[in-house]
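Below: the structure, in structure tokens.
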Amino acid sequence: MPDGAAAALTGIEGVSGVVVDRAGYASFGSATEAHPWAASALHPHRMVAGDRPTSDNQVVLTAPTDQKPGDTVTLSTVDGPRDFTVSGVIETEAEPAVYVSEATAEQLAKGRVSAVALLAAPGADPAAIGDRAKSALRGQFPQLRVVTGDARRTAEADPEAGLLIATVSLVGSTAGLAGFVSTFVVAGTFAFTVAQRRREFALLRTAGATPRQVRRIVINEAALVGVLAAAAGGALSVVLAPVFARWLADKELAPAGFTAEFVWWPVLAAGGLGLIVALVGAWFAARRAGKVRPIEALREATVDRRSMTILRWVLGLACIGGIFPLAPLLSTPEGSAYLLVVVMALILGCTLLLPVMMRPFAWTMTLGSGVVAVLARSGVRTESKRYASTIAPVLITIGLAGASLAGTETISATQAASLRAQLTAPLLVVPAGDAQLPETVADVAKGVPGVNATARTKTSGVFDSVRNMMQQRTAWYIDGPSADQVLRLPLTAGTFDDLTGETVAVSAAMADAHGWKLGDQAELWLGDGSQASLRLVAIVDDRLGLPNVFLPWAQAAAHTAVPLPDSVYLSLAPGADRASIAAAVAPQGGAVAETKTHLATLDEQFDRLSRLSLLAILGMALVYTAISIANTQLMATTGRIRELLTLRLAGATRRQILRLVGREAITVGAVGAVIGALVTGATLIVVTAALSGLSDSVAVRVPWLILLVVIVSCGVISFTASVVPAAVALRRALGRA
């Protein structure tokens with residue numbers, strides 16, 4: 001809060017007291033903040049041992065704790081470890097914290113005020129006090145927010161708020177992708193069903209049914225199926241949503257204790273959306289069914305018509321061509337999200353063009369001179385729609401899994417390799433435990449013989465406005481004058497020696513977006529929300545792994561809640577003794593690590609969370625497409641029962657027929673795998689093109705084992721869903737043919 005805000009709130013009618021709360025960093029046990037003792041009155045509490053702090057070296061802890069009054073405890077603070085004497089222990093409903101004297105709280109918070117609480121006098125109306133407080137602040141401090149009642153909880157920082165936002169985003173992405181896939185699959189399934197029922201619709205038209213009546217039959221059937229499926233899906237969601245929520249929490253993708261409770265309207269909305277998806281998917285198929293002419297349909301009931309229309313060509317090529325404008329976005333921090341858009345566009349385009357793309361692959365898979373090969377090859381030529389419909393879910397499954405996983409891992413690996421290439425510091429200091437590093441650790445390390453320079457770094461975020469649109473950028477607070485001794489900075493203009501005080505360095509792309517040049521004033525909104533006008537002293541070429549914005553370390557104290565370094569990079573002279581450095585920083589709560597080893601550990605942790613996030617996003621869609629593979633193959637096989645029994649009557653053995661069905665199923669799986677691999681390859685080409693300008697090399701990664709498991713699973717599902725119903729059908733009486 002700005003200076004003077006607390007003074008402006010004094011003397012308000014109905015206020016019995018004003019509490020100035022300061023939140024300074026102080027780590028002990030589960031507590032991470034130090035507050036003045038007066039702030040303890042803001043939450044119900046009970047003193048269970050000892051008394052309030054009466055001197056600047058005393059502290060009150062929150063229960064449960066093993067400490068008792070008179071014990072000496074060491075708190076990790078901004079200025080390093082500091083000893084305090086426990087004066088008391090309280091039980092409180094507030095988050096764990098330590099309470100100190102007013103002077104100590106001001107020192108630990110570096111003079112900053114986090115909030116001002118107004119205590120209402122007996123009988124006073126809190127809402128009226130809130131209105132008076134707003135009036136008192138409106139003229140001089142319009143940016144401050146006054147909250148009363150239940151809204152007061154929003155004034156307290158939620159340590160898991162960021163993770164909760166990420167969880168909501170992840171669940172939204174999961175639902176969005178599942179919605180896209182389900183719409184796509186449902187539309188394809190209805191189209192396939194209509195194609196199978198052309199003889200039936202032809203007979204209805206011959207019997208006098210109008211095109212509108214035929215369309216209504218398809219739509220009504222879709223509505224009935226949609227209602228039943230929506231009801232079943234709603235019931236399943238009530239059971240599976242809590243399981244999914246617990247899985248997210250267990251894998252640290254959601255806050256601890258995250259769960260899903262039953263709320264009627266999302267279930268109802270999802271059911272309605274599912275019904276709409278079914279009706280929309282059926283509408284396109286119904287239009288086709290309504291166009292069936294009696295004589296034409298009867299004549300072509302067993303032979304496919306032209307499967308590729310002009311519209312299908314245009315849409316398919318547009319989807320594939322649309323990935324190129326998206327390529328530059330893959331190098332942004334949101335690259336993984338844009339990657340899914342690229343993958344879905346490629347899959348959609350390939351599916352639309354599938355009747356053309358599949359022919360050479362399917363023809364190759366059915367080569368041979370035997371009767372089974374001849375029949376399979378004939379099916380590819382005369383029943384391309386059936387083949388395309390059964391290949392589509394296989395293509396979606398393999399393409400979605402392969403392209404998403406390979407693209408994500410390639411982006412992640414390239415970013416990690418690029419960052420390692422930019423870092424020249426052989427060692428760095430990191431926290432030895434849960435507490436953060438104090439500011440003083442850099443000076444302590446620099447005092448060790450053999451340490452040439454130290455550079456503190458802290459990752460944050462800033463905002464800028466480009467064409468009246470706010471953009472979030474990654475930022476590093478860093479010791480500018482020593483940055484070039486620990487980093488290989490690809491400068492295009494300026495120098496980091498000038499990165500002190502009210503200055504900033506930005507990436508070339510960001511400078512171009514604003515038209516900034518050296519010496520210009522850059523308008524930014526920093527991590528605490530304050531607007532700053534900073535002089536541009538350096539422009540850095542865009543590189544993966546490096547932030548968009550570099551800020552002087554001094555700005556961290558003024559604009560971050562916890563102005564402590566994430567790590568301290570060390571530039572060493574030849575022969576520097578690592579053990580001496582480690583011994584020096586250990587009392588400060590620091591540990592020395594090799595830069596490459598530390599980054600490898602961070603990469604491993606990031607990759608783990610990335611894979612789990614992608615699994616959460618893809619899992620539901622992949623389960624749906626796997627079911628679709630089985631469903632489509634089952635429909636295709638049952639729709640051919642008369643054909644198979646006719647072959648049996650014509651002299652084909654049961655074994656030959658099952659071999660034919662099995663070979664066609666294997667062809668479906670193989671062609672789907674090949675085109676899915678093409679989607680994966682095209683995705684990697686786009687990713688490589690997007691990253692090559694931002695990194696010296698692109699680390700292409702393909703999860704071969706996972707991809708192999710997906711391909712084999714699709715093949716097994718396709719084969720089983722085809723051969724088993726065919727084998728059962730062949731047991732029927734030959735006279736039913």
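Cβ coordinates come from backbone N, Cα and C, glycine included.
Because TrEMBL annotations are produced automatically, they should be read as predictions rather than curated entries.
What TrEMBL records for this protein:
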DOMAIN    9-134  domain 'MacB-like periplasmic core'
TRANSMEM  162-195  transmembrane segment
DOMAIN    175-292  domain 'ABC3 transporter permease C-terminal'
TRANSMEM  222-244  transmembrane segment
TRANSMEM  264-286  transmembrane segment
TRANSMEM  310-330  transmembrane segment
TRANSMEM  336-354  transmembrane segment
DOMAIN    397-586  domain 'MacB-like periplasmic core'
TRANSMEM  612-632  transmembrane segment
DOMAIN    616-731  domain 'ABC3 transporter permease C-terminal'
TRANSMEM  665-692  transmembrane segment
TRANSMEM  704-730  transmembrane segment
Top partner of the transmembrane segment (336-354) among 222-244, 264-286, 612-632, 665-692 - counted as Cβ pairs under 8 Å: 665-692
Overall pLDDT of the domain 'MacB-like periplasmic core' (397-586), taken as the mean: 91
Result, the transmembrane segment (264-286) in contact with the transmembrane segment (612-632) (3+ CB pairs under 8 Å): no
Long-range neighbours of the transmembrane segment (222-244), counting only residues six or more past its ends (CB under 8 A): 190, 259-262, 267-268, 270-272, 274-275, 277-279, 281-282, 286, 616
Other parts of the chain folded back onto the transmembrane segment (162-195), taken as Cβ under 8 Å at six or more residues beyond its ends: 201, 218, 222, 248, 253-255, 258, 273-274, 277-278, 280-282, 284-286, 288-289, 304, 337, 340, 344, 348, 351, 385-386, 389, 392-393, 396, 400, 613, 616-621, 624-625, 628, 631-632, 635-636
Counts of helix, strand and coil residues, the domain 'ABC3 transporter permease C-terminal' (175-292), according to DSSP: 98 helix, 0 strand, 20 coil
Helix, strand and coil totals (DSSP H, G, I; E, B; other) for the domain 'ABC3 transporter permease C-terminal' (616-731): 97 helix, 0 strand, 19 coil
Intrachain residues whose Cβ lies under 8 Å of the transmembrane segment (264-286), provided they are six or more past its termini: 179, 182-183, 186-191, 193-194, 214-216, 218-219, 221-223, 225-227, 229-231, 233-234, 237-238
Summary of DSSP states over the domain 'MacB-like periplasmic core' (9-134), given as helix, strand and coil counts: 22 helix, 57 strand, 47 coil
